[in-house]
Amino acid sequence: MSTDARSLRALAATVLLAVEQGQSLSQCLPPALARLAPDTRPALQALCYGACRWFHRLDDELRGRLRRPLRKHDRIIHHLMLLALFQLRFSEQARYAILNESVDACRELGKPHLAGLVNGVLRAAEREGAPAPRDDAARFSHPDWMVAKLRHNWPGHWTTILDANNIQAPMTLRVNARRYRREDYLAELARAGIDAEATRFATMGIQLVQPVPVERLPGFADGAVSVQDEAAQLCTGLLDLAPGQRVLDACAAPGGKTCAILEACPALADVVAIDESAERLPRIEDNLARLDLDATLIQADAADLERWWDGRPFDRILLDVPCSATGVIRRHPDIKLLRRESDIVPLAGIQLGLLQAMWSLLAPGGRLVYATCSVFPQENHRIIQRFRTQSPEARLLEPAVDWGLDTGAGRQLLPNPNSHDGFFYAVLEKPRP
């Protein structure tokens with residue numbers, strides 16, 4: 001079904017309202033995109049992602065321009081104006097079009113009585129320009145609790161983290177080691193007219209100068225390459241894989257790390273990938289099929305051992321736990337609206353419980369890699385410290401790597417505007433009797 005710019009704007013306001021009410025963009029954006037012609041969908045996606053990325057700064061300005069907050073049942077018009085502010089501040093679109101289409105969309109959304117307000121607020125915003133942010137939450141466009149927490153946890157890095165979160169992430173590839181050497185695939189990209197360079201830390205990583213549709217990537221459909229951030233690719237080196245090992249990828253969806261493990265060491269005895277989400281498991285299957293790889297897939301809570309574990313220990317375990325995802329905000333800016341400070345303590349409890357459960361599955365002499373895409377110590381090195389207090393036999397390994405910050409209980413990668421996401425890794429070894 002096709003639509004015009006006015007309807008696109010109304011759809012975007014509906015999406016933004018759904019995010020504020022607790023839905024992720026991955027949940028509420030696809031149905032909206034399905035209502036548009038294919039050539040219009042990128043505009044809606046860019047509008048929704050951009051508004052989420054700059055929501056807190058734009059909301060600060062908009063609240064300052066309103067004499068009083070809109071009523072709850074008119075909240076969608078607040079978001080309609082916020083979307084227009086995003087375009088006024090961050091796009092080159094014609095100003096008259098932004099204003100006129102926003103007023104029309106207000107009527108389309110069934111709020112004609114607010115059309116005058118929309119027109120007046122946006123004309124003033126266009127005429128007066130952007131005001132100075134009133135505080136750091138508005139300046140960096142993050143919730144105030146997150147700004148305060150990052151300032152406390154990373155006093156020497158907090159502004160860099162916040163700035164990096166507001167920059168669109170680069171497109172990074174993982175070359176399938178079964179098919180190509182990295183330098184050979186770089187040559188393939190060059191022949192296809194795609195500018196790219198090797199990543200600094202991930203040995204099979206390639207970062208594109210500009211994102212391209214995956215259909216343009218040479219051999220993508222045949223499994224030559226996958227899209228995966230550089231930080232996420234580092235897990236295979238930390239696992240120290242070898243032929244004949246039995247490997248578990250706990251909390252495996254969408255399967256990027258499962259596939260990376262199989263590519264890195266084709267002669268593994270067995271790879272088991274487990275995830276609690278029945279909806280996400282097909283994504284692992286799709287990735288395995290495209291890459292012509294095989295793994296044992298299980299849909300279960302990894303901590304519910306009685307339900308799924310066959311009693312045979314694993315030589316290697318990758319535990320990429322559910323987390324606040326604060327290291328990947330630049331890829332998922334709706335996290336700024338969805339995450340709450342009160343989420344962190346419950347998440348830490350889940351993380352510690354999973355680590356304890358997975359440790360019991362590890363063979364003597366085996367290695368467990370604990371990973372998150374969080375930048376909060378409460379989910380990262382403090383979990384490792386708590387675990388080692390309870391399991392003092394666990395040996396913390398210090399891999400010889402030149403990336404990340406040494407926390408004393410693992411290594412923390414902070415989001416880098418020019419390369420990798422924020423990530424944490426700790427490597428634990430179970431001693432032999």
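Cβ atoms here come from the backbone N, Cα and C positions, even for glycine.
Listed in TrEMBL for this protein:
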DOMAIN    161-431  domain 'SAM-dependent MTase RsmB/NOP-type'
BINDING   CYS251, ALA252, ALA253, PRO254, GLY255, GLY256, LYS257, ASP275, ASP301, ASP320  S-adenosyl-L-methionine binding site
ACT_SITE  CYS373  active site, nucleophile
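Features as recorded by TrEMBL, highlighted on the structure.
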residue: CYS251; record: S-adenosyl-L-methionine binding site; Cβ contacts under 8 Å, 6 or more apart: ILE274, ASP275, GLU276, ALA302, LEU319, ASP320, VAL321, PRO322, LEU354
residue: ALA253; record: S-adenosyl-L-methionine binding site; Cβ contacts under 8 Å, 6 or more apart: ASP275, SER277, ARG280, LEU281, ARG283, ILE284
residue: GLY255; record: S-adenosyl-L-methionine binding site; Cβ contacts under 8 Å, 6 or more apart: ALA273, ARG283, ILE284, GLU285, ASP286, ASN287, LEU288
residue: LYS257; record: S-adenosyl-L-methionine binding site; Cβ contacts under 8 Å, 6 or more apart: ALA232, CYS235, THR236, ASP249, LEU318, ASP320
residue: ASP301; record: S-adenosyl-L-methionine binding site; Cβ contacts under 8 Å, 6 or more apart: GLU276, ARG307
residue: CYS373; record: active site, nucleophile; Cβ contacts under 8 Å, 6 or more apart: ALA231, ALA232, ASP320, CYS323, ALA325, THR326, GLY327, VAL328, ASP421, GLY422, PHE423, PHE424
Structural state of GLY255 (S-adenosyl-L-methionine binding site), classified by DSSP into three states: coil
